[in-house]
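**Q** I have a structure I would like to understand better, so I am pasting it below and will then ask my questions one at a time.
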Amino acid sequence: MEKFVIIGGKKLSGEVEISGAKNSVLALMPATLLASGTYKIYNTPDLRDVKTMSQVLIEIGVNVNFENHILTINTENVSKYEAPYELVKKMRASIYVLGPLVGRFGYAKVSLPGGCAWGPRPVDLHIEGIKKLGAEVELDSGYIVARAKKLHGAKIHFDKPSVGATGNVMMASVLAKGITLIENAAKEPEIVQLGEFLISMGAKITGLGTDTIEIEGVDELKPADVTTIPDRIEAGTFLIAGAITGGKVKIKKCNPKHFEAVLLKLEDAGCYLNVGDDFVEIEAPDEIKPVDVTTAVYPGFPTDMQAQWIALMSIANGTSVVTETIFYDRFKHVPELVRLGADIEVNENVAIVRGVRKLKGAKVMSTDLRASASLILAGLVAEGKTEVLRIYHIDRGYERIEEKLQRLGAQIWREKTDEY
Ligand code: EPZ
């Protein structure tokens, strides 16, 4: 096991490059199942989740090679149409193979990500979507088994915009016979990139980035290359690292248009921003102002930035209210932040954050990817030493985060530990 040790109090300064978007590449990789041949995915981040998705594809018979942030994928020997529990339980996004497998091969056996289809990690929207396209779906001892002679177009309306279900249905429908309409579709940049990638493979898709995506099925697709968009959540996380430490940081190789809601909230909190086409410079104010946030689907304030925002608000000069509307239980970072001296009260899906003068270092435990990020951010400003345990969570979605932070002057390092 490994932990991070952080000595807080350093104002971060300097420049950091943002890596490719985890939540884009995790959709682009399974999309390669839709056509036989060789693909290159450029600007791929070096993450545990990319390794896990690679294992899922290798299990299916795909050849995957990762070097210099380039994924080379060959899908000429796809031979199995299953994603086993051992892999899916490590990463919910493995379910993204369901749509392409049933769409191209007419069969898919994919483990449920954990819990049942309806909770706590629901996939009912994925299942209902491919059923509408004509698949027979049964749940058999923890697996989704989907069969279809040939999928046909359909009109699908999602009760709530789901990133994963929009991606899965889009991938299932590109080879279906006829027109598919996805209403109340997700508009996240990662889904737009997935759609654009499918178009570059020969798919006919319109409406990307709007509430309604229309797909006209084609007979076959061909391989294409793609460059992953920058990770908007990593970008937001590093901006908050600059703000929380009272520093001045420039993030490069990002796309500020993909995280405007975060930039506006950072300005409301008193930060000075210089925004370019592919960079953002942030300078922290002497005091962080309390700013309320309610998470929302894109282009609203991202749920994946909620934990990091609470870390920043924990040292603001006043009280703020953070409301989580996307996931019902996404406050596991709060008890750990309280161990660092934060004053936060959670009531259902609302966190009341009373800013404190300072946080004090302590031993804390990561519980999930973005919770880990919020603990690291708090540790950077807490007085003294903070130890963050179970950092395998953070390595899922941030590429060598401690090295990037060290380059900004942070006193953070990785240590082996038998504590967990
Ligand atoms: C994607 O997850 C992201 N993961 C998540 O990022 C992100 O938090 C989430 O979208 C919301 O933006 C990837 O892209 C790999 P959803 P996804 O389907 O697709 C409910 C990170 O930290 N729902 O948009 O699983 C669901 O419970 C990760 O990088 C159903 O009810 O999210 C949630 O309440 C965490 N039934 C809401 O919809 C379904 O069939 C939104 O979930 C599917 C989802």
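Keep in mind that glycine also has a Cβ here, set from the backbone N, Cα and C atoms.
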**Q** Per TrEMBL, which one of Asp140, Asp304, Asp343 shares the UDP-N-acetyl-alpha-D-glucosamine site with Arg92, Arg121, Pro122, Val123, Asp124, Leu125, Ile326?
**A** Asp304
**Q** Would you kindly give the Cα-Cα distance separating Asn23 (phosphoenolpyruvate binding site) and Val123 (UDP-N-acetyl-alpha-D-glucosamine binding site), rounded to the nearest Å?
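**A** The separation of the Cα atoms works out to 17 Å.
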**Q** List the same-chain residues at least 6 positions away in sequence whose Cβ sits under 8 Å from the Cβ of Lys22 (phosphoenolpyruvate binding site), in sequence order, or say none.
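**A** Expected: Pro45, Leu47, Asp49, Val50, Asp231, Ile233, Glu234, Arg396, Gly397.
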**Q** For the UDP-N-acetyl-alpha-D-glucosamine site made of Arg92, Arg121, Pro122, Val123, Asp124, Leu125, Asp304, Ile326, how many Å separate the two farthest Cα atoms?
**A** 22
**Q** At a 10 Å cut-off from the C-beta of Asn23 (phosphoenolpyruvate binding site), count the other C-beta atoms across all protein chains.
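**A** A 10 Å sphere around the Cβ of Asn23 (phosphoenolpyruvate binding site) contains 24 other Cβ atoms.
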**Q** Sequence gap of 6 or more, Cβ distance under 8 Å: name the residues on the same chain that satisfy this around Leu125 (UDP-N-acetyl-alpha-D-glucosamine binding site), in order along the sequence.
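**A** Result: Phe158, Asp159, Lys160, Ser162, Gly164, Ala165.
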